[in-house]
There are 6 protein chains.
Amino acid sequence: MTDPQLTHLRADGSAHMVDVSAKPVTARRAVAQAVLVTRPEVVAAVLTGELPKGEAVGTARIAGIMAAKQTSTLIPLCHPLPITKVAVDITGADDRLTVLATVATNGVTGVEMEALTAATVAALTLYDMIKAVDKLAEITGVKVLEKQGGKSGDWVRS
Amino acid sequence: MTDPQLTHLRADGSAHMVDVSAKPVTARRAVAQAVLVTRPEVVAAVLTGELPKGEAVGTARIAGIMAAKQTSTLIPLCHPLPITKVAVDITGADDRLTVLATVATNGVTGVEMEALTAATVAALTLYDMIKAVDKLAEITGVKVLEKQGGKSGDWVRS
Amino acid sequence: MTDPQLTHLRADGSAHMVDVSAKPVTARRAVAQAVLVTRPEVVAAVLTGELPKGEAVGTARIAGIMAAKQTSTLIPLCHPLPITKVAVDITGADDRLTVLATVATNGVTGVEMEALTAATVAALTLYDMIKAVDKLAEITGVKVLEKQGGKSGDWVRS
Amino acid sequence: MTDPQLTHLRADGSAHMVDVSAKPVTARRAVAQAVLVTRPEVVAAVLTGELPKGEAVGTARIAGIMAAKQTSTLIPLCHPLPITKVAVDITGADDRLTVLATVATNGVTGVEMEALTAATVAALTLYDMIKAVDKLAEITGVKVLEKQGGKSGDWVRS
Amino acid sequence: MTDPQLTHLRADGSAHMVDVSAKPVTARRAVAQAVLVTRPEVVAAVLTGELPKGEAVGTARIAGIMAAKQTSTLIPLCHPLPITKVAVDITGADDRLTVLATVATNGVTGVEMEALTAATVAALTLYDMIKAVDKLAEITGVKVLEKQGGKSGDWVRS
Amino acid sequence: MTDPQLTHLRADGSAHMVDVSAKPVTARRAVAQAVLVTRPEVVAAVLTGELPKGEAVGTARIAGIMAAKQTSTLIPLCHPLPITKVAVDITGADDRLTVLATVATNGVTGVEMEALTAATVAALTLYDMIKAVDKLAEITGVKVLEKQGGKSGDWVRS
């Protein structure tokens, strides 16, 4: 079996932002997830953010949407992309809050990193709001769930 | 049992950046972790970043250090803090890379969010570099491991 | 009567960030306002953001809070300040939405610009959300309402 | 009459960055205004910025141009756009300074928010420079004056 | 001989971001250089960054790559461009470290400023790392070496 | 002679932001320079920026002042500092424009990097404005001229 080659490293091992000049612009989309594990009563307190008296969920959603636009600023070797859509959905059940981020672009590279960044920053924002009531909270399950467009085509995590 | 109160929400449920004007400046420190789960041969490819021919680990480290300084820009209700130290350590074993981020400040609030942001962005940067060879990779175990300073005193996750 | 001297311009007329090295750190606070004038039914549509089915108000609030932290990045001659509190309140009546932003710091300069920036960006965010239904909307009444701390002491707009 | 629908809110009231993936790229342009009301002698002091000994006007102009490029960072639900032109014109008469910002792009959405952001930040920068000599100054008349391109076609405020 | 006209200034001398709306998108590329002059033993200490025990060179490289993406944020009249490639190469000999930055885009303006910004920030990052051991270090030779694409065609500095 | 040790690298060669938590806050100041070499008639065209019909010098000055505030965002291992003063002076003679940047803080580390960043970005902004009339321009002489405060005391380049 061949060793995996990291495309972000050149032959001499140095990092670079790979040349995507010749890649075609196509419609791309990715969905990613992050899960915040806490206690059931904390989940309940956060979800009142969907009721008249709470903005916790909306605050995390906006943080995720804004973070998607900062992806190429945060991740050193990411290309800047003209993002055309971001949606962040947050649901809760039992002891966990699940963040789903969907990002689309018409671009030369995929938007998995944008979706992962949106989901992660939304989860960190939820963490920030609950850390005073649960210092044992943990973010887990940060992963890409599906992706469309580009050379590798459509893909759904099985 | 009383319901947990989210301090970032006011009585009417609206979000705010809480007033810390009267809190004393103290030396604070936090350590947080993020774990990237992938395949053993991908871990090996990344860790060559510590050998002459690879900068994967160093790139993720710098991304984490720079992200710590952007925490209050990313997390809406975080206070800006004068960070006095950031260290990001990345180790690998079996199928996973573990990021440990240590942040210190002399400030009025703690630096857990800064440590979590550093660890998470370093892990996302590693993810970015391996996503072409492992689209099933996942970030997990994002949590605070220890914290010193402030009213609540020293704490180590047990 | 003497002509007013602009402190941000030196004797030769060139702009500079004035030296505040010798000024004492004191507790400071400012409240500023911005008013978005639109149509009554648009105000009603926005204010449902305080009901279960709408996040318009919360989104503008978060935008204002985050903008307060970007003030010294946006306004060329502003000094960076360690903001200790930001609150953004949005109310509606008749044909207008009123944004009130309150900012506090322990710093060497006042936080009027931070409060004005928060109020203005919150109002621009509301504008962004209603522009498809009212292209004639207008932001007006952007001003400081009160200010505490610093050499000039407490002041309330009469 | 139907209630106005805010396009930035989904059916459940949550905010999102709307999907513009399928919209065509067209040449777009917008002009927006912001007016700073102060005292005549302060207007005179600022306008010497167009004379050899003053950079007040130029400083505000550059702040506005740079802010136009930060619009999608400041306004949560704005799409990033490849801005192709920004001009900021500042004139004074009587007790007021008028900022006109013109922005163009070849993009899928309009540039009203970019023009409004440029005009507003330029006006805030003027405010910052005069606040020591007029704490009663006020920004008013922030509105779009004209807009070209896109599905809704050309429009001039009457 | 005619006086040179600065295109970034309008007829009245005011600065603007020039209108490039009508310019065609073409493949463009630029290479720029910056040279850090220090002492031979400092060059040796930095270059161990290419050995297992040092990350100085990699840190400067990442700083340069990330700075290229911030060019239009830093340089007031620069247009934002969709960068498609950044490579930063750092070599040392005798008493100097030479940074070469290569940037590509498919855009309406050239990427000389992006390449210069990448080279300069990489050199400043090297300076930051050596300033404790050489306060006399100096950056020199910041210039464009070659450029391809656009109306003016290919050019190599002779 | 002992080899110079780079303080930004730990014993294992990895980069970190060094811990300055225990360092005292003192008044600090630094002056740095950057020189743009071009042709005499281009220098003349730029310097009309100090006349009624040109804003070239003022634009570069503002770019330098704003860049000083971005130093810790650009240079990975720089600590964020509360800058209390920035002045950028630009003079021309013969074939060159000289930028002098002065930065002050009350902080735990020096402001050489802030002064160098201000001088360099101002010079790059001048470069941007003249590149259409002189593609052979070059930035040189980027160095610290003097520095006050901190453990190492006052220092003037001889």
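Glycine too: its Cβ is placed from the backbone N, Cα and C atoms.
DSSP assigns F:Asp128 (active site) to a helical segment in the three-state reduction. Taken from TrEMBL, the feature active site covers F:Asp128.
Note on F:Cys78 (substrate binding site): other Cβ atoms within 10 Å of its Cβ, all shown chains, come to 23. In the three-state DSSP classification, F:Cys78 (substrate binding site) falls within coil. Summarising the annotation, TrEMBL assigns substrate binding site to F:Leu77, F:Cys78, F:His79, F:Met113, F:Glu114.
Annotation comment: TrEMBL describes F:17-150 as domain 'Molybdopterin cofactor biosynthesis C (MoaC)'. Helix first, then strand, then coil: DSSP counts for the domain 'Molybdopterin cofactor biosynthesis C (MoaC)' (F:17-150) stand at 47 helix, 47 strand, 40 coil.
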Worksheet item: Among F:Leu77, F:Cys78, F:His79, F:Met113, F:Glu114, listed as contacts of substrate, what is the widest Cα spread in Å, to the nearest whole number?
Response: 13
Practice prompt. Could you tally the C-beta atoms, other than its own, that fall within 10 angstroms of the C-beta of F:Met113 (substrate binding site)?
Written response: 27
Item to complete: Find, among the recorded positions listed as F:Glu114, F:Asp128, the one whose Cβ has the highest number of other Cβ atoms within 10 Å in the structure shown.
Response: F:Glu114
Worksheet item: Under 8 Å Cβ-Cβ to chain E, which of the recorded positions F:Leu77, F:Cys78, F:His79, F:Met113, F:Glu114, F:Asp128?
Response: F:Leu77, F:Cys78, F:Met113, F:Asp128
Worksheet item: Any idea what the Cα distance is from F:Glu114 (substrate binding site) over to F:Asp128 (active site), rounded to a whole Å?
Response: 21
Worksheet item: Which of F:Leu77, F:His79, F:Met113, F:Glu114, F:Asp128 (recorded positions) reach within a Cβ distance of under 8 Å of chain B?
Response: F:Leu77, F:His79
Practice prompt. Report the mean pLDDT of the predicted model across the domain 'Molybdopterin cofactor biosynthesis C (MoaC)' (F:17-150), rounded to a whole number.
Written response: 93
Discussion item. Can you tell me the CA-to-CA distance separating F:His79 (substrate binding site) and F:Asp128 (active site), as a whole number of Å?
Written reply: 29
